[in-house]
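Enquirer: Annotation source Swiss-Prot lists active site, proton acceptor at H14. Marked as substrate binding site by Swiss-Prot: R10, D11, S164, H191. The Mn(2+) binding site feature in Swiss-Prot is assigned to D11, H191, H193. According to Swiss-Prot, the feature domain 'Pyruvate carboxyltransferase' maps to 2-252, an assignment based on sequence analysis. For R10, the entry in Swiss-Prot reads site 'Transition state stabilizer'.
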Amino acid sequence: MILISDATLRDGNHAIRHQLSAAQIHAYARAADEAGIDVVEVGHGNGLGGSSCLLGQTPISDRLMLETARAALRTSRLGVHFIPGLGKAADISLALEIGVDVVRVATHCTEANVSARFIEQTRAAGRTAFGVLMMSHMAPPDALLAQAKLMERYGAQAVVLMDSAGYSTPSLVRAKVERLVDGLDIDVGFHAHNNLGLAVANSLVALEAGARIVDACVKGFGAGAGNTQLETLVAAMEREGHDTRTTFERVMTLARGTETFLNPKTPHIQPANIASGLYGLFSGYVPHIQKAAQEFGVNEFELYKRLAERKLVAGQEDIIIEEASRLARERDVQRATGGVRVRELSA
């Protein structure tokens, strides 16, 4: 099973000058938990101890951010980003005290040696430690493997390659991830940025190459051109048969819910357009499908699925109404029969 680490409440902070509020953190963490996200990463964009005049000051402390998220999470694990030098051992101690589950110790891709004491500190407390190699485009595969091996030796349970500049192309990602997968005895992860419009493609290639962890943010909410868009990634992963704890429909619900309390402004693809792509429907049908779903009071995404089964082509708008009406009738019969689905009755 692929682990999804959601950096919306950490990398997303970069996009708004680190101004996430406690209310936003609580609302998103609760929604991500309900959506089945594995790890919810929280904090200043630069991680624990990052709030400063130089890097940008947060309106609330690391303690309050983490306590707020901890209180909202039930099944998702709470994660933090930590850069040695910006953060101190005391910052990790605070995070562990509050109940952080995953500490991601991040260094420049050629400076893994500075991660040792912090990985060891995390493991000694019985928590999960990931190593993160930032700006990974700046080192060739063999050099990255050597650095990752150091993190593995220190006790890291996974190493994540971070394409911090959004520089990488699929061929570069494949070569580097394959090298780490072949050379390590721990899991490999990948964190993409979308500067070249390749974040989802690069993440899929990383998975094909053997990565078991992918990072993403709702609506691509993150630094610069944004991160891998969570909704698009999950849709593409479903198409490719990757197993996760969440589903496309659950992350769609998560993304739409953020419009009331987060509403990221980073460039992203709308949920309805992702659905039309996932199910192979003509893009021009989207407003018609949304209107029909609203008029008949049916689930929009179930309607996409039904229309995909009909293999619609352009010019068949009438079938949208037909299928929406059928879904509404099935719903009414289901209610009348105490929850038995119409398709089950006719099977």
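Cβ coordinates come from backbone N, Cα and C, glycine included.
A description of the local structural setting of each listed feature is requested, covering burial, neighbours and distances.
Expert: According to its DSSP assignment, H14 (active site, proton acceptor) is helical.
For R10 (substrate binding site), the count of additional Cβ atoms within 10 Å of its Cβ stands at 29 [all protein chains shown].
Taking the Cβ of H193 (Mn(2+) binding site) as reference, residues of its chain lying under 8 Å away and at least six apart in sequence are, in sequence order, D163, S164, A165, G166, A199, G222, A223, G224, A225, G226, N227, T228.
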Enquirer: Tell me, by DSSP, whether S164 (substrate binding site) is helix, strand or coil?
Expert: coil
Enquirer: In sequence order, what residues of the same chain, 6+ apart, have a Cβ less than 8 Å from the Cβ of H191 (substrate binding site)?
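Expert: Non-local contacts for H191 (substrate binding site): A7, V132, V160, L161, M162, D163, S164, V214, D215, N227, T228.
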Enquirer: In the predicted model, what is the mean pLDDT computed over the domain 'Pyruvate carboxyltransferase' (2-252)?
Expert: 97
Enquirer: Give the sequence-ordered list of residues that share a chain with H14 (active site, proton acceptor), lie 6 or more positions from it, and have CB atoms under 8 Å from its CB.
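Expert: The list for H14 (active site, proton acceptor) reads G45, G222, A223, G224, given in order along the sequence.
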